[in-house]
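Only one structure is covered here, and it is reproduced in the block below.
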Amino acid sequence: MQNREILPPPMLRIGPLRWLKDNLFSTRYNALLTFLAVVFLYLTLHPTLEWVLWHARWDAIPANLKLFLVGIYPMKDVWRVWVCVYWILLLLGLSGGLWGRLAREAALIVGSGAILLLLLPFSWMERLWILGAVLGLFGGLSIGWLLRERKSWRKDVIILWALSPLIVVLFLGGLPNNPLLSPVGTNQWGGLMLTFMLAIVGIASSFPLGVLLALGRQSSLPVIRWISILYIEVVRGVPLITVIFMTSIMLPLFLPAQVRVDQALRAMVAFALFTSAYIAENVRGGLQAVPRGQIEAAKAVGLSGMLTTFFIVLPQALRVVIPANVGQFISLFKDTALVFVASLLDLFGMAKSILANPDWLGRDREVLLFIAFVYWLFTYFLSRMSRRLEKALGVGER
Amino acid sequence: MPAPQTVIPLWRDVRVLRILAQVIFVITLVLVANWFYTNLSRNLGRTGIHVGFDFLHLTAGFRISEGISFESTDSYGYAFWVGIVNTLRVIGIGILLATILGLVAGVARLSTNWLVCKMASVYIETIRNTPLVVQLFFWYTATFLKLPNVHDSLELPGPIYLSQRGLALPVPHLTEHFSSWSYFLVAGLVLACAVYVGRRRYLQRVQRPGFPSAWALITFLGTSALGWFLLPRSPIAWEVPVLSRFNFEGGLQFTPEFAALLTGLVVYTGAFIAEIVRGGILAVSKGQKEAARALALNNLQVLRLVIFPQALRVIIPPITSQYLNLAKNSSLAVAVGYPDLFSVANTIINQSGRAIEMILFIMGSYLIMSLITSAFSNWYNRRIRLVEH
Amino acid sequence: MDCVETRMSDPIIVAEDVHKWFGNFHVLRGVHLTVSRGEVLVICGPSGSGKSTFIRIINRLEEHQRGRIAVDGIELTNDLRNIEAIRREIGMVFQQFNLFPHLTVFENITLAPIWARKVKRSDAEKQALELLERVGIPEQAQKYPGQLSGGQQQRVAIARALAMQPKIMLFDEPTSALDPEMIKEVLDVMGELAASGMTMIVITHEMGFAREVADRIAFFDEGRIVEAAAPVDFFTAPEHERTKLFLSQILHH
Ligand SMILES: Nc1ncnc2c1ncn2[C@@H]1O[C@H](COP(=O)(O)OP(=O)(O)O)[C@@H](O)[C@H]1O
Ligand SMILES: [Mg+2]
């Protein structure tokens, strides 16, 4: 609401009393509403504030911060997480410089967030790392800004983004027989890092599958269409938690005995299977939005079906569904908390396990509020951005 | 002129190619499925598990903390049924309350009252942007379990008691006079029908608008009220929960698990419904309002006759899918220990080791719910389309 | 007349008794047509008479259910190779342009040569420039279709079709979606194309164009070609009542 581009009408100077009258007491009924609202606020906020100010014991959070952020990831390898963060921030900065207002704003918001973190009472070492992140972001921003006239860079940056999940996974997971990047199994991933990795790997792997399913659902070949519909509808008809549960128990049963799949990977498979059905439905909307004339024109110039899909249909369809897919990513990000059924220690799982520790008994409210705030921060930021993106792309409301 | 080429090589015939593509697709799928199946049977053979549904008759040997009565000597099959009933219970009540909350919050967000509007926004934006399971956990461990002991329970008007043991509410029950009162109810119903039909005929004859249903409702309420006052004692009484030595007795009692799950689901789904309601009203009210005003309808009439019916049409399909989400999200009961179908099945798996069968059951149950919902949704959409044309 | 005779002996499109149904609706009811190499055939007729369906059948955007069609000696059957070969011989221009909105003008033109005809990129680009030159808009190469006027878009569409080096061009009401002041620029391009010896089938109601450029005009009604004649005869002495009625309606504007 605040982000309209239209200029506001010339401001009348409105005194606070006038404002109160207009917005809270315009009619008798409104005055009553205001009164009730104030009573309600008092009844709820008063004990809450009292608790936050006097009774809450927040010590569990700084004491376990490392666990919340990266779980039991080896301390000596934590720099790799930082490098990944730098990489993403650098890309974000580059995009902010290269693209228009929206990307730049996103980069600036993240940058200010990082600067705010600097003000919190971290150790000097930690502050140095954060400072590096800020520098990476603004470095990327300035490079992108300098290169903004060269359109070809945009394609390169998109490719880098697309490759990022792979790069990050390799970097965090390490390589066998590599002294610098020694292997760190996914059973050692945890906390916010695991939450992000689950969401990112989940969306990245469900995307191609979802696109194929959407194409299958629109196919003129009945068998392919039916099977795609069957898959999509079955998956959309069951709760995600049951899919995670299923892969966590049954995936090993379906694979040869010598193949070992650890829990985090099983959860990622679940996310990929589940989210692909939803992505497929989003993409289908995009496919339907491509006019028939486009396909006919492609046929008429002699492109085969495959080339038509790849060069004509998908680029147009996918553009339309970017916001919907960002929405999908957001809900996937929230849904990662469900991996508690597979006993994984993501942000939520970590909170649960810390609360189960007798040292931190009774800190439920504090810990849960803290992780809820972390989830909220990212989700709210992403959903604001996606709403803006929707407007910027001119995609109509659904 | 070349002679028409009659025989087309099979591999170049588009019709054949279309069939061929599908056959190859199916063969690939079958091969993959077969590979999974071989692995599965080999793995099962190695661990000595066999697949079958005969275990459903075996004795469960565990207790279920709430729901229809269940003994540990009952069978696994019956335990799962108890879970299904518990799921349906939370879904039913949840849908009702979430709808009310969503309507209120959605309208509140459109309110001209600044404070009310902001409160609704904060509610919606907070709830929608945090994971449901975190909220559920918060309601359970950080709210309901932190309530005072039963003996110091919070008393809300009603009386409703809140304590660590959950929620205790008064419940209406029928007294012995209810049977006499039921005659009045039947009579009221018959009268109401008669009034409805008569009034409608009359309105049609004089060709004027009116509300025959309102007349019927008033008739029905009037007759029942008459009966209520004529009887020596009221036909319905409130049974109030009373504190005994260890817990409340009588009245309606909800365990903290159920209360937490219900609260979480309602608050979460309500926020999504609120956004749908808001969107629906906004979508309709833009142009329609002026048009209706121009037809000289007053404000209330505008809302009742123009905006609401149309908004409903926009709102109902997405709300239906929110109901479905609520149903699916009820499986998060396992996070707070409420014995819904998913967590009962989970227990059965731990007890009997029959993972494959139980997972089929779980998915089947949710699929059936989804199918029913989407059948309803399709039926509704078709009806709407009929009305539109 | 002599000239027409010799052309007649070299048919490039042959359609015999072509039928087409949409469900139960009999759209084409036995179309017979022969087009000679280098001929410009204008098709006119009332809306809904099946003109578009007919020319879309020629390059298999629709499938005919009875009859026979041959293009440059290639039978139009279910043989994939024949379909591809025929599509390669034919370029098509649509009423709604159907340019690819996510590609630049240049990419619109080079896409098919590079991927479907496997031409080297540099050659395809050189050719695209020549074609843009030919349709008179070389300066718009790097723009997106949405940034061009309707007339310019249609000229790009013509260039795009020509980039596949077709022997035949089909036009389905190429000027109907254009503002009046842009019609001429497109018709001029089409006139030059005709003069260069291209075989063309043009559905249009631009009777001025038909009179000047067409070798023959065919009148379509209710799924059949009612009559076909050289422009002079067609306008001065139409044989059928329906043709007369149609002409009187269309020429009164
Ligand atoms: N894909 C289709 N499905 C069903 N009917 C169609 C289809 N395409 C065209 N028609 C019908 O076929 C008839 C002929 O259409 P068309 O060839 O476009 O006519 P013209 O181009 O002469 O105006 C019209 O009545 C039209 O409604
Ligand atoms: Mg047409």
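From the backbone N, Cα and C atoms, a Cβ is placed for every residue, glycine too.
TrEMBL does not curate its annotations; it predicts them automatically.
Copied from TrEMBL, the annotated features are:
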type: TRANSMEM; residues: A:27-45; note: transmembrane segment
type: TRANSMEM; residues: A:79-99; note: transmembrane segment
type: TRANSMEM; residues: A:106-122; note: transmembrane segment
type: TRANSMEM; residues: A:128-147; note: transmembrane segment
type: TRANSMEM; residues: A:159-177; note: transmembrane segment
type: TRANSMEM; residues: A:189-215; note: transmembrane segment
type: DOMAIN; residues: A:192-386; note: domain 'ABC transmembrane type-1'
type: TRANSMEM; residues: A:227-251; note: transmembrane segment
type: TRANSMEM; residues: A:300-318; note: transmembrane segment
type: TRANSMEM; residues: A:338-355; note: transmembrane segment
type: TRANSMEM; residues: A:367-383; note: transmembrane segment
The transmembrane segment (A:300-318) versus listed stretches A:79-99, A:106-122, A:159-177, A:189-215, A:338-355: most Cβ pairs under 8 Å: A:189-215
Segment-segment contact (the transmembrane segment (A:338-355); the transmembrane segment (A:189-215)) at 3 or more Cβ pairs under 8 Å: yes
Criterion met for the transmembrane segment (A:79-99) and the transmembrane segment (A:159-177) (at least three Cβ pairs under 8 Å): yes
Cβ contacts under 8 Å made by the transmembrane segment (A:367-383) with residues that lie 6+ beyond its boundaries: 58, 60-61, 68, 106, 109-110, 192, 326-327, 329-330, 333-334, 337, 347-348, 351, 354-355, 360
